[in-house]
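Step one of this worksheet: look at the structure below.
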Amino acid sequence: FVASLVIIMFLLDQRISNNPAGLTVLRLAMLLDLLALMAAFVAGSCHNVVSFIYVSAVCVVVLLYFAIYLGVASISSHSRLLLFFCGESSCLLLFMRKAPVAASYAVKGRIKERRKFLLLLATFATPLTYAAGLAPPGGFWSETVAGHSAGAPLLHDGRYKIRYHAFFYANANSFVASLAIIMVLTSRTLSDRLIQSYLLLVCVLVELLGLMAAYAAGSCRLITTTIYIVSLVGAVLLYIVVQMVVELLCKLRVQQKKPERKQRQDEEESRSLVLLLATLAATVTYQAGLSPPGGVWPEGQLNHTPGNPILHDMHLKRYKAFYHCNTAAFVASVVVIIIVQNKHLNTLGHAALKMAMIL
């Protein structure tokens, strides 16, 4: 929290942000901010030894990877030494694949747009997953009774233990992936080398799939609703695969004309606006799905299961209408985000994009 305030104050004062010493302090504050976020998430969201070890190990692996990468990048000019330690076909060199130095203005513009999108996507997912990890769906036990510990999640100690574990690990993976994207984009060394690498693609996939899996596990309690969400997510993934295959076939058969400069600018502005609306809708629907209107039943209710939505037991039809509409809006928002960020999908998916936004 303090590091975030320092960063904001430094950015507001141009005398500090425009000199090398101020930039160094700003980068250190940003690094401290991300490390403190990781530590707070691990300490506040883990309620047993296994989850603590898992999340800590994932965070350490991410930090070690970036530390090793920065160390290797500092000696990357000595190509023989790099090839000696890594080998020509090693995974490290595969992830360290970078764009050509003499890139055109068009390529630089695409990289800049890609960096803006990835940063927006990461900053959208980080607060969602952080808040959901510290305040999981279902709430907490208020008293230490009947084998339950006060402060432990209701779903973890109740009949939905497997569902809680699925939510927790999916949410934690999405959180770490979003922080990894932010670390890459805030470091000029990492950003220039990894902006077009497979590592960022993996992080984006882990982030989005983790969000959808966490929503499916944490927002519903019944098998039927879980099947409904899984079917929607499966339809999304199938649509992406089909669109990519169609795009590849079109590239092989027809060479598309390049749009004019003004048309490209209009398309970029439209994509930015649609992306902003989609992230807003995804944020609202994700939070509403994990914390439904009416709240959840606390412990001590004889005729109701602790952690179940109150609206589900009192007004079933209203709850079903809310849940299915909210879920459809969340999945549609994720579809819009995927279509907008991928220009290959965006060129063929205008109709689907309009349908998803209307939905």
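Here, residue 1 is simply the first one shown, and the rest follow in order.
Keep in mind that glycine also has a Cβ here, set from the backbone N, Cα and C atoms.
What TrEMBL says about this protein:
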type	residues	note
TRANSMEM	20-42	transmembrane segment
TRANSMEM	49-72	transmembrane segment
DOMAIN	110-221	domain 'PGG'
TRANSMEM	117-135	transmembrane segment
TRANSMEM	166-186	transmembrane segment
TRANSMEM	198-216	transmembrane segment
TRANSMEM	228-250	transmembrane segment
DOMAIN	266-345	domain 'PGG'
TRANSMEM	321-340	transmembrane segment
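Sequence-distant neighbours of the transmembrane segment (166-186) (same chain, 6+ residues past either end, Cβ-Cβ under 8 Å): 27, 30, 34, 37-38, 41, 45, 51, 54-55, 58-59, 62, 66, 115, 118-119, 121-123, 125-126, 129-130, 132-133, 136-137, 155, 194-195, 199-200, 203-204, 206-211, 213-214, 217-218. Here the domain 'PGG' (266-345) returns a mean pLDDT of 79 for the predicted model. Beyond the ends of the transmembrane segment (198-216), by six or more residues, the same chain brings 94-95, 97, 118, 121-122, 125, 128-129, 132, 166-167, 170-175, 177-178, 180-181, 184, 226, 229-230, 233, 236, 282, 286, 289-290, 327, 330-331, 334, 337-338, 341 to within a C-beta distance below 8 angstroms of the stretch.
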